[in-house]
Amino acid sequence: MRTLWIVAVCLIGVEGSLLEFGMMILEETGKNPLTSYSFYGCYCGVGGKGTPKDATDRCCFVHDCCYGNLPDCNPKIDRYKYHRKNGAIVCGKGTSCENRICECDRAAAICFRKNLKTYNHIYKYYPDFLCKKESEKC
């Protein structure tokens, strides 16, 4: 519970669905979303280019693509609601944009959990300048 409180305090002031996404990541992986995923590999965090470094980084690449398929939505600003049912993330009833953003975040959080065994601390604070290749297509 203390970890949830610390993450919530760290995320105060973060706009939109980033708060919900961070909570999903914490709940699914047990990892602090800010320190474990914000700078991971070539795609986790702001922007992205090159080839994903591993399965976790690919989760971020796919998440970026998912957001890219929402041109009429504001994924980093629009808030949504979700809950858990039998341990699974269930996106709440909201607007079409809110639901699609939630589904993108849900898929990424589940992807992170499924790839916890291959999470590589070498990529935790990976420098952007090492991500040189042209980005893959979504």
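Cβ atoms are placed via backbone N, Cα and C, with glycine included.
Record check, Swiss-Prot: Ca(2+) site residues include Tyr43, Gly45, Gly47, and the candidate from Asp64, Asp72 also listed there is Asp64. Swiss-Prot names the disulfide partner of Cys111 among Cys42, Cys44, Cys59, Cys60 as Cys59. As annotated in Swiss-Prot, Cys44 shares a disulfide bond with Cys60, one of the listed residues Cys42, Cys60. The disulfide bond recorded by Swiss-Prot for Cys91 joins it to Cys102 [selected from Cys102, Cys104]. Just so you know, the Cβ of Asp105 (active site) picks up 26 other Cβ atoms within 10 Å once every protein chain is counted.
The most densely surrounded of the disulfide-bonded residues Cys42, Cys73, Cys131, judged by C-beta neighbours within 10 angstroms, is Cys42. Taking each of the binding-site residues Gly45, Gly47 in turn and counting other Cβ atoms within 10 Å of its Cβ gives the largest count for Gly45. Around the Cβ of Cys138 (disulfide bond), the number of neighbouring Cβ atoms within 10 Å comes to 10.
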